[in-house]
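So the structure is just underneath, and the comments pick up after that.
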Ligand code: SF4
């Protein structure tokens, strides 16, 4: 059921201009099979996955006969606070989605999960990732008479399932997904079965959990923790997990390829308390900090993280370098998406709305600032200014990712190359632009060492690192599509121009 005008766009006060200097998390998905409070658990899971998308949230439940839906713009807490809404989401099965729009505009018609009545019955579907041939497929489908009700790439999958010649839902899903290219972790639901699927490269995460006889699928293990559920395992790249009354069954319907999990999940996107691909995100971030210190330590008095995401890497950097760690910048958690900027003057205060210098730990000090990434560099520049104004005698910036030189087409919103600082400037130029005494990024090999590999150059890459290397290992079919309006896909044209 739609709760507001389906063509409403996210209001301006829900957008956060300061966050424009970070790559945007993609989406979060969750599914619960076999719990009388499935929808409540789905909402809890979406709360834990809120960092993966803050523009909209939705839940579709099923009572074995009918589907029930609630979707809305804004945060999970804004959309699922009413008892009436939760009472309506009845049934022992539910799927949920947190949205950040990497494809399609921000209208409510694009908010997931999607639901449709197909020849075999109802199907609910939600998706984390981005399809790189969605525009091409969509045009072919429209020419065959398909009518689309959204501009999202996920609806392409729904339409392909609807038109498949196979009878069984499982076969229809596989048939549809063999036609798509790109990144997807999907959860689908009929009246009696739930499906969890990762693309053959396993670019985006998906885990399987268990709670008192119920089976759970979620983007990250932190969603299991909040429900009190047990982490069972990651859904494997190219795996289709089928969950029904008989339990969990695994199918491997795709041609096997070397997996390429998104390495940026470890650096920034995933929550630090999550375990993804069997590895603690927090531990990896600390190890990245240790590697960074081995590669680019500098004489300093204090290691200061740019909160919050720079904290684990800064702890690792401090431990390895032997220089004290201090919270030299304090983050205000009560501003951001709900902060309304009434005048140009307050807007110009910029980064100070969110971060403030902790002068006592900066004055007269040689400071190493540790952050996870630099995209445009606008926020980094303001933070450096703030640290200098607080009395730091030297500011050295250390970044726990390699330079972001290429846009992502696999489910993360990054600017085009013209707006990526590291794509436009060399290290010396970036140091000058940011106003730092020195700047260093972790090397790509150092990053691979931190995630437990020997190094990137010594073998086939086992992660997606395309935004650092330009190694797009998947076809970018829509790249020459002049009608493409999606944020992500329009970047394909830019990148390959
Ligand atoms: S391009 Fe970068 S952000 Fe995108 S999936 Fe690959 S590693 Fe992740």
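Yeah, the Cβs are placed from backbone N, Cα and C, and that goes for glycine too.
Over in TrEMBL, the protein carries these features:
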type	residues	note
ACT_SITE	27	active site, nucleophile
BINDING	262, 408, 464, 467	[4Fe-4S] cluster binding site
BINDING	309, 371, 372	Mg(2+) binding site
COMPBIAS	13-23	compositional bias 'Basic and acidic residues'
DOMAIN	27-246	domain 'Glutamine amidotransferase type-2'
REGION	1-23	region 'Disordered'
Response to the item:
Surrounding the recorded [4Fe-4S] cluster site, with Cβ no more than 8 Å from the Cβ centroid of 262, 408, 464, 467 and those residues left out, we find 203, 263, 264, 410, 412, 465, 466
Worksheet item: How long is the line from the C-alpha of residue 262 ([4Fe-4S] cluster binding site) to the C-alpha of the residue listed as 'active site, nucleophile', rounded to the nearest angstrom?
Response: 14
Discussion item. Quick test of your reading of the structure: among the recorded positions 27, 372, 408, whose CB sits under 6 A from ligand 1?
Written reply: 408
Response to the item:
Reduced DSSP state (H/G/I helix, E/B strand, rest coil) at residue 309 (Mg(2+) binding site) is coil
Response to the item:
Out of 27, 262, 408, 464, 467, the listed recorded positions, fewest other Cβ atoms within 10 Å surround the Cβ of 408
Discussion item. For the domain 'Glutamine amidotransferase type-2' (27-246), report the average pLDDT of the model, please.
Written reply: 95
Practice prompt. Inside 10 Å of the Cβ of residue 371 (Mg(2+) binding site), count up the other Cβ atoms and send me the figure.
Written response: 23
Item to complete: Please report the DSSP secondary structure of residue 371 (Mg(2+) binding site), reduced to three states.
Response: strand
Worksheet item: When you measure from the Cβ of residue 309 (Mg(2+) binding site), how many other Cβ atoms are you left with inside 10 Å?
Response: 21
Worksheet item: How far is it from residue 309 (Mg(2+) binding site) to residue 467 ([4Fe-4S] cluster binding site), counting Cα to Cα, in Å?
Response: 19
Discussion item. Using DSSP and collapsing to three states, where does residue 464 ([4Fe-4S] cluster binding site) fall: helix, strand or coil?
Written reply: strand
Response to the item:
The binding-site residues listed are 371, 408, 464, 467; by CA-CA distance, the one closest to the residue listed as 'active site, nucleophile' is 408
Response to the item:
Here the Cα-Cα span from residue 372 (Mg(2+) binding site) to residue 464 ([4Fe-4S] cluster binding site), rounded to a whole number of angstrom, reaches 17
Worksheet, complete the sentence: Cβ contacts within 10 Å for residue 372 (Mg(2+) binding site), all chains included, total 24
Worksheet entry | Rounded Cα-Cα span from residue 371 (Mg(2+) binding site) to residue 467 ([4Fe-4S] cluster binding site), Å | 17
Practice prompt. Let me know the DSSP-derived helix, strand or coil state of residue 27 (active site, nucleophile), please.
Written response: coil
